[in-house]
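What Swiss-Prot says about this one:
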ACT_SITE  Lys73  active site, proton donor
BINDING   Asp22, Lys44, 71-80, Thr131, Arg192, Gln201, 221-222  substrate binding site
Amino acid sequence: MTSATKTNNSGSISSPIVVALDYANKDAALAFADQVSPQDCRLKVGKEMFTLYGPELIRDLHQRGFDVFLDLKFHDIPNTTARAVAAAAELGVWMVNVHASGGARMMSAAKEALLPYGAQAPLLIAVTVLTSMDGEDLRDIGITISPAEQAERLAKLTWDCGLDGVVCSAHEAVRLKQVCGEDFSLVTPGIRPQGSEAGDQRRIMTPEQAVAVGVDYMVIGRPITQSPDPEKTLREILASLTKVA
């Protein structure tokens, strides 16, 4: 089974940057996409944009040559989650995610749903602990261990289920690579270039710091999308990463 839209998991670009398209409307998102190169970044479409504009937005971005991370964080009963992940594969997205807290049966069902797509399947990533959450937030929902400990617990479960990696804080990267292996992909939001505001992220790092600790893909939003010159800002971040490498 193959997608009619785009070859997605090709690894055709080397940039670790995924730009979050957190715009109020589709025209603004596409205007941004027209300012940057698909060789310099991938693009993330989240709940708000996808709810408003749906698969058409994904197709518009694919037509411009971009790999798309569909960030919908599926969390439901196993059968429903599996079908949702398969639907994402039909769209030809490069990456899709689920919540690790949905449990082993849910994650295993999602992984199995992608088997018919073979090499065309998107990367399947699980969310561990949202980077907006700290220890107090976890205690409020009955979790008494630290965010780092909870992230490690959920990452191990994700690895056991055969998924490709996790969304996590960059602060957990070193430990998760040790526990789950170098081939286990780490996707990190909460990445802010030096001098940027933290916004609603509490556990943040700079791009250079993230690469140094083993992050594979870093999600950056407003520091790039709200820049007066997004292409220049993106290129500056990429240049800073070559120094780390």
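Just so it is clear, glycine is given a Cβ too, placed from its N, Cα and C backbone atoms.
A straight line from the CA of Thr131 (substrate binding site) to the CA of the residue listed as 'active site, proton donor' spans 14 Å. Rounded to the nearest whole angstrom, the C-alpha distance between Gly221 (substrate binding site) and the residue listed as 'active site, proton donor' is 17. Once Cβ contacts within 10 Å are tallied over all protein chains shown, the recorded positions Leu72, Lys73, His75, Thr131, Gly221 are led by Thr131.
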